[in-house]
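Input: a single structure, listed below in structure tokens.
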Amino acid sequence: ANQNELLSVRLGLVLGSSISRARPLTTSRIQSRVSIAAVVSVAEPGRRKRKCLGFLVGERGEVSIMSMTVMRPARGCCCHFNNAINNCFNLRYRRTLKTPSLAAEFPFVAVASPPTRLSLSLRRRLLTVASSSAATMSSSPSYDKELAAAKKAVSLASRLCQKVQKALLQSDVQSKSDKSPVTVADYGSQAVVSLVLQRELPADPFSLVAEEDSGDLRDDSAQDIRARITELVNDTLSTDESSSSTLSVEQVLKAIDCGVSEGGATGRHWVLDPIDGTKGFVRGDQYAIALGLLDGGKVVLGALACPNLPLTSIAGANQQPSSGEVGCIFFAKLGSGTYMQPLEGGPAVEVHVTATENPEEASFFESYEAAHSLRGLTGSIAEKLGVKAPPVRIDSQAKYGALSRGDGAIYMRFPHKGYREKIWDHAAGCIVVTEAGGLVTDAAGKDLDFSKGRFLDLDTGIISTNAKLMPLLLKAVKESLKEGESCSSSM
């Protein structure tokens, strides 16, 4: 986002007062290797035409420039230009710059030439901006090593969770003060992720916002549970070649307590739900190990391990089908798309949200546990949309993973009054869906803000779908909420 803002400013300096508006372009649906993108609308003096200029810089510094002329006023010209850029890349309508002088001055440049071509002087001025922007971009973080560490951490944590779930003992479950079930796998998973991230990224300051702490485990009555957790953590880490030493109980407890960070709008913070969907885990159903990374208050990557989620679609099914290979990991990095691969290893495939435009053909996800969401409200919203399929109810952020690969079209979560959403319940799932081409907002259509600490400050609930269905969904949500308020006031 900072690179996009910087680029827009530089374009403004080059083109001066002729710019009427400038904004970043969404790059995830254009080209995975585009690192910077911006579009500006330029008013031609004395004419009713407006020229839109697109400017993209790739990973290796290559530059693409495109233009489109529209009649003024043109409120939607940037949207139309987005489509033009998409079409240009989809059709591979690209032309390498042949002008000798410019080619010598900017050897890294490739210029895409739609029907409306830029003048040579304007092209030269934009390319001058490109050279300095490309140099700045080369020093920006790629998050490659962080994503690799995140994938490794959730994969190892999944091994621990799978081992416990297969032979779940009554003594493995205790109650926290809020009465939700917590397993030794919950604590063990957090310890494993904390230890792996610190080991894989030793040079980085470590900040972890996570669900658990060791307070309950330090009680005298929890001695057996402490020993069980430590044994599980050591057994799990021993399967990784880079692990050598055996950890003590105190070292494991300290690793769990690394998750006490408050997060915030500055710096980097890992965000973890060690087992999202603990009730599903205890039942033997869906759960997820959800890990995201915040940088400057924005989610920049996510890794979502779903050990019980089938590799094939679960459309029309609650929880998991009776047959088929299960266990997958979804991962996403800002501007690079979303991918899914088998949890046990194998090739990764890029996934996308469904392109469904007709609500009657859509299906929606909601929480398996009735206590987690207002089913009457989601039912009313679905009815107003015209959704005919029954809801698909599964636990955890596995819903986000399933949504990202098109198993369903809509996800709705409207918790009971007084509940505050935690950032670890949505950080990883949010970027997995948005990088797959979807949208995740609150009930008012605002993007989720992860910069406020451990809780999300949002309007009423969370909804997610594709860009085509979102306006209809927001309208149905607004109408249903208004009806609910009217009923409450009349009672």
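Any Cβ shown, glycine's included, is placed from N, Cα and C.
The feature Mg(2+) binding site is assigned by TrEMBL to Glu211, Asp273, Ile275, Asp276, Asp425.
Within 8 Å of the Cβ centroid of the Mg(2+) site, not counting the listed residues Glu211, Asp273, Ile275, Asp276, Asp425, the chain contributes Leu272, Pro274, Gly277, Thr278, Ala288, Ala290, Ser396, Gln397, Lys422, Trp424. Scoring each of the binding-site residues (Glu211, Asp273, Asp276, Asp425) by how many neighbouring Cβ atoms lie within 10 Å, the top position goes to Asp273. Cβ-based neighbour count (10 Å, all protein chains) for Ile275 (Mg(2+) binding site) stands at 32.
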